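Visitor: Take this structure, written in structure tokens, and hold onto it; I'll ask about it next.
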Amino acid sequence: MNRLYHESEDWVEQGACRQYDPELFFPVSTTGPGRADAELAKAVCRTCRVRQECLNWALRAGEPHGVWGGTTPEDRRYLRRDLLPAAS
Ligand code: SF4
């Protein structure tokens, strides 16, 4: 397990994704044929009661791969950009 989980591992045990094949959450691509898997993973995340904790972790960790908290890596790049203070 990734050492970045240390600060709070409880949410990981409660993830809805634990009922699914982990590969679904790591599609080869979020475009083309992989897009369907990414959308299905995001649909699972929408049912997940620890979605916010998961997304917070992925944003803090800068997780570059996979669907976390209902977001793809591209989604998270946009979110991080929007959350960062504007450069002066
Ligand atoms: S938000 Fe998605 S990836 Fe995160 S724990 Fe829940 S189901 Fe898994």
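Using N, Cα and C of the backbone, Cβ positions are placed for all residues, glycine too.
Features from TrEMBL:
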- 16-78: domain '4Fe-4S Wbl-type' (DOMAIN)
- Cys17, Cys45, Cys48, Cys54: [4Fe-4S] cluster binding site (BINDING)
Visitor: Which of Cys48, Cys54 (the binding-site residues) has the most other Cβ atoms within 10 Å?
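Guide: Of the binding-site residues Cys48, Cys54, the most buried by Cβ count within 10 Å is Cys54.
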Visitor: Which chain neighbours of the [4Fe-4S] cluster site, leaving out Cys17, Cys45, Cys48, Cys54, have a Cβ atom within 8 Å of the mean position of the site's Cβ atoms?
Guide: Gly15, Ala16, Val44, Val50, Arg51, Val67, Trp68, Gly69, Gly70
